[in-house]
């Protein structure tokens, strides 16, 4: 029997608008939208939830949006800002697992089946990811947890905004029965209308049709529909990036005022780091990194070229870094660099 997969789908809430809201808090209590600033030919990219209460939606022509909400504030898109925020969020994903499949700037699938931390609980991992995103960006996202990509994506939309919805393997059958077929991956307006003409509106309706009938009516997609109606989706999470580093860090409630206090934290950090490392990571080490953040949020780091994870090297880096940054330390991070990068890149803060 194959191992039950644990898939998380993270979808940031009204991402472009939320980034703008964070940059300009005065927008928080006002209806506004991003994109579509040309009132005649523009199309809304996204909007905040206040604007949605007026009926404004993504991909809506600006002229219609303004009719629904005359006080709607329109902002130009700032993709540089969105990409920078997205990069921070994506790095958070990779700190939990290598198996990340980004779908866009604001959403991704993560396969956490083999993640040992958080008691190997996908629910606890999803909670931790959401919290880490909020801690580092001030933004909220919604998470869906399920045994496959199809259901994880559907689940992430259920408790928006800032939601978390879990579908366990035991709940799959009961969950899909009442699920509208329009929620299924690949079912657009044409397919939905075609299914409606066949008296199919829910997955339970769809389950009554044979595989042969669905293939006859929908071709190759008919096989997918047959499986999706039963909550079956064998699509893998396809990573698109080779991981360049693995790191862990701890923020401490009390300042670390001495070198000895910093060194005392090394064993726990080392254990956390090794628990995240795979056999391939050990084979690919090209550098070791230590970083500090002090109580004034000053950040410093040191990197050493190395082919193995050596506690002595980590200890020496902590000693050297402490001499350079003689302040009370609030955060310590340690990590490894992976793959083929040049010496100049090794000096970068991780």
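The backbone N, Cα and C atoms fix where each Cβ goes, glycine too.
Listed in sequence order, 9, 10, 11, 12, 156 are the same-chain residues at least 6 apart in sequence whose CB falls under 8 Å from the CB of residue 107 (active site). DSSP classifies residue 107 (active site) as strand under the three-state reduction. Marked as active site by Swiss-Prot: 107.
Here Swiss-Prot flags 11, 106 as Mg(2+) binding site. Following the DSSP three-state reduction, the secondary structure of residue 11 (Mg(2+) binding site) is strand.
Per Swiss-Prot, domain 'UmuC' is recorded for 7-188, and the stated evidence type is sequence analysis.
The annotation site 'Substrate discrimination' is assigned in Swiss-Prot to 16 on the grounds of sequence analysis. Counting only same-chain residues at least 6 apart in sequence, those with a Cβ under 8 Å from the Cβ of residue 16 (site 'Substrate discrimination') are 34, 35, 45, 46, 77, 82, 106. DSSP classifies residue 16 (site 'Substrate discrimination') as helix under the three-state reduction.
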**OP:** Ten-angstrom check, please: count other Cβ atoms within 10 Å of the Cβ of residue 106 (Mg(2+) binding site), all chains counted.
**Re:** 22
